[in-house]
Ligand SMILES: [Zn+2]
């Protein structure tokens, strides 16, 4: 019936024929011809990561702050390792045999196929010596990468440091691999994505003897590393260095801001450390040392310290009362000096006293009355308090500022509900919370917030988000200027003049003039003394200058500085003078400078 | 009527055994090909081997469903399925998305689907349906035309998608038709055309045409063994060529040598045609016809090669034929693939111990070049086993096809066997440098749900038809 049935055999034979051809071909390829085995041994692929240099960091005037230097890591791919002369390798690397064995074990545990670092950051001599002998150690190879180097030993807290990524960072961002560096604090962290650039990878063929046989696939699979973007910061390196000189051997913080732009000119937390300590082979040892230091040099007090604003806060209360209309510049209050109820004054002075005088004399009773008038402006104390709090927050207090500051404390302006819980609802009033009138009590601020508050006063009612980076430039030198948000304070510009007048009289007419007055510069400031139950009181000072068209606003905190005029005011005024005049002029100023530099408040018994 | 229980008992479990074994071996080799220590569990769903497992399980489920579908369904719906597929092929040209230069994928959410995969199945069904109809006679021109159309429409559409590999698969249906009575001469002609194509690319036109002329004369000599006649023919052909060539040289006519060859071939053919007509020798006419066709073809090969084929296709063919060697460029894949397979030796380097198929030396190592992993890690023993397993499956499929009572099932069975045969010939052939690099997967082995599923469907429809072969398939 089916005359073509016998064709099934022809088709079957065709199938079998192809199978036989293939098997014969495979036999010659796999069994007879041994050349492919040789090719394969030459065909070991080594991916070498091209680490881009991290972006450079400049100060506001183009002065280089951070750059890179080459470093060499010795890596190993465990599965490619065969027997080698361990003694010789150890002697080149200057490590013990145990250490080497230990590292190899760790590498094998991590991955047999993927390279691991055996020794980090070889010295140049070690690298040169190793390079010659590397062919004797199959599986080992050297990878070049860059380390941070700091041009000046300044601004460690601002710059931050880089370190190796941890597992959770790798899990979060697949860009990172074991051993990569990442910004851990400061702007190294805030601008990590700009600074890091983009890793590339080159594939090389090496033979079993670890000899380079050239690029794999003519480098078609390679990708070049893309350099990181450079940052121009807002910091004035000279001012920063001067600040660090003045603040040596002191605990505290200084932040200076250009009021019109929000650019941070100086950003210091003391005691600090030399950023170069956290680079290189000694990094982890140094880090442990800094961590163990009881002075906590790794703590960035400029953004994380919990300070009371002290009397500097009186300026804010005055401005709020003026805006609320509960006082006028002409309003006077009576002060009985020390012993006045409910808040005692620090000294005797003219009485009754008006606003300008009240600020000049830092009169506690004056500001108690001012504060009471704000709270009393509303039928219920809690409503008055809520309004007051709203004003205070509009000065940038009680909140984190900007976006660049990791570990920033928001400070604290207590909610009304806090007092409700503490005293019971409706069971508290202005009198209960009277310490707020003079910047004591529950109000907590950071030096950054205080500097920003000074900028608000200097600007007569607004601030630009304080920031550390002005612009970013890519490797092709395209510059991208960053924009920052402006926030207006609830107090209008016309209310500021008398307060500023009072601040100027603080500098020109009180005892503060001996340490803070500078001929030719109209400085407006306010001192503060913060009670400290653990030792000498802290010295605080806010200021801006010149009075009209201010160029710098500053906040200084000196722990155990006894009172405002003693350390914080002279240091801040010296910085203002240095920034505006570029040098310290008068002999009395030079004497003040010397005194500040020499003061050791960390260990007062030990003179430097 | 066979009950459902009988269906399971009637299934050819030997074929299913081959299938499961091949799928399992594929999975193991995908694991080895993309193995990485951070995800060393073979069940890690973020990796290809984990995903392949899901596709394998889904393929098994799919096979189960296909077995439950009544076999009459395929007969009744052969043409509708074919039409739907053609519509999809048109649709993908209009709305499809492009992957690696071929506009052949439908992207539906995260799922990619390639109508060309289904078109093989649909064409097999349509072919089976048509050849099993009562008015089909392979000798009839009308039947040949219909078959030509059934094949040509999907091939043309797939060519338009720029998916040459999938289009070439359809050539294998000629083997199915051969079983159904297609003249062996046509099949032989097809092989001859391919051979001449290759010869032309390798050799000078003069040599090719001389070879063709010699072949024509020798073949005629076998049909009509008169030595003197053959000698005369050689003399005539040589004289014509020499006369033309000499006059060209002496008269300085500057005619291209290739044209002289062509003109002499045509003149010789005319002389022999007149001779054949006068003596009424039909075989000679046929030989002259084929001869002339092939001669003309040699002159069009260059045109086809340079103008119709794309650059990468040309380069792959040139590489394969050894015309141009570019081991770092086009030949790179094949070269690396040969190194990987060759370095496996007799017994292989052992599971997960391959060095060449790691690190992406061999591109597409889990898809088109999966056979490299077999070669490197399991050696000659492994590659031979895989080839013998496939051969076993193919022979079994021929056996099953032959025991069908309906033409439909037989033609479909042969289609399945031949499609699998073509895929594995090209796929394994390209990894060992015996076939051009055409991106088609190794059935059941290569990574990818789309290909695994379509081969599973292809096979299990036939197994379902086979299980109910005792039923009469009525239309
Ligand atoms: Zn007073």
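Positions of Cβ are set from backbone N, Cα and C atoms, glycine also.
Just so you know, TrEMBL annotations are computer predictions that nobody has curated.
Fair warning: this is a prediction, and the values are worked out from it, not measured in the lab.
As annotated by TrEMBL, transmembrane segment applies to B:13-32 (among others).
Taken from TrEMBL, the feature transmembrane segment covers B:53-69 (among others).
The transmembrane segment feature in TrEMBL is assigned to B:75-95 (among others).
For B:144-177 (among others), the entry in TrEMBL reads transmembrane segment.
Long-range contacts of the transmembrane segment (B:189-222) within the same chain: residues 171, 174, 229-230, 233-234, 237, 257-258, 261-262, 265, 268, 283-284, 287-288, 290-291, 294-295, 297-299, 301-302, 305, 317-318, 321-323, each at least 6 residues beyond the stretch ends and with a Cβ under 8 Å from a Cβ of the stretch. Residues or ranges marked as transmembrane segment by TrEMBL: B:189-222 (among others).
The annotation transmembrane segment is assigned in TrEMBL to B:229-248 (among others).
The transmembrane segment annotation in TrEMBL covers B:260-277 (among others).
The feature transmembrane segment is assigned by TrEMBL to B:284-305 (among others). The list of residues near the transmembrane segment (B:284-305) in space but at least 6 beyond its ends in sequence, with Cβ under 8 angstroms from a Cβ of it, reads 189, 192-193, 196-197, 199-201, 205, 208-209, 212-213, 216, 219-220, 223-224, 258, 262, 265-266, 269, 272-273, 275-277, 314, 317.
If you look up TrEMBL, you'll see B:378-399 (among others) marked as transmembrane segment.
Per TrEMBL, the feature transmembrane segment maps to B:411-438 (among others).
Positions annotated as transmembrane segment by TrEMBL: B:444-465 (among others).
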Distal contacts, the transmembrane segment (B:444-465) - CB-CB under 8 A, six or more residues away: 7, 11-12, 15-16, 19, 22-23, 25-26, 29-30, 33-34, 48, 51-52, 54-56, 58-59, 62-63, 66-67, 69, 71, 74, 112-114, 117-118, 120-121, 124-125, 366-368, 370-371, 386, 397, 400-401, 404, 408-409, 412-413, 416, 419-420, 427
Feature contact check the transmembrane segment (B:229-248) with the transmembrane segment (B:144-177), CB under 8 Å, 3 or more pairs: no
